[in-house]
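Visitor: Here it is: the structure, laid out below.
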Amino acid sequence: MATPYVTDETGGKYIASTQRPDGTWRKQRRVKEGYVPQEEVPVYENKYVKFFKSKPELPPGLSPEATAPITASRPEGGEPALSKTAKRNLKRKEKRRQQQEKGEAEALSRTLEKVSLGETAQVPSAPQASRAAPTAASDQPDSAATTEKAKKIKNLKKKLRQVEELQQRIQAGEISQPSKEQLEKLARRRALEEELEDLELGL
């Protein structure tokens, strides 16, 4: 919004008096020669911004008419050009999907072969298949339990290391009066060592 100026008979410029929202009037203010109001001051642009604004969108020598058919020929709803990374990710997803389908197809063909072998072969293979299914299912909980044990072992080792550091600091005289918590930590050392041994034997 431009500031309304009023010029008097002597040629002096004034900012016209305006009414405030509460109904009172602001006085008109004299403006010095060459004054530019804040809202009319152009925004500063460094040389790089100016360069990129002045830079044409098309390469030199290429007319805008030549580019119009290319943009029009692109199908509506067509995907924009993908970056190299996006293309690579799409290929990976596609490959994974194909491998998964391939694996499912192979498993299906194996089960069909077992079924088509005949009645005599089918009877003993049925318990084997039922035995194989629980072992495959039990592998996952085993691996989860193993990782859980590994985490516990790591945590216990860390606690033992802290207890040892605390004991060394007390022996070196860095801590003259250990707090109640620190004494409890030292007392728990044997229990931590036993728990760690049990877990390591369980693995």
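Glycine is no exception: its Cβ is also placed from the backbone N, Cα and C atoms.
Feature list, courtesy of Swiss-Prot:
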type	residues	note
REGION	1-32	region 'Required for interaction with MAGOH and RBM8A'
MOD_RES	S63	phosphoserine
MOD_RES	T71	phosphothreonine
COILED	81-116	coiled coil
MOD_RES	S116	phosphoserine
COMPBIAS	121-140	compositional bias 'Low complexity'
COILED	144-203	coiled coil
REGION	151-203	region 'eIF2A-like'
Visitor: Within 10 angstroms of the C-beta of S63 (phosphoserine), what count of other C-beta atoms is obtained when all protein chains are considered?
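Guide: S63 (phosphoserine) is surrounded by 8 other Cβ atoms within 10 Å.
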Visitor: Under the DSSP assignment, what numbers of helix, strand and coil residues are found in the region 'Required for interaction with MAGOH and RBM8A' (1-32)?
Guide: 0 helix, 11 strand, 21 coil
Visitor: Compute the average pLDDT of the predicted model within the region 'Required for interaction with MAGOH and RBM8A' (1-32).
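Guide: Within the region 'Required for interaction with MAGOH and RBM8A' (1-32), the model's average pLDDT equals 80.
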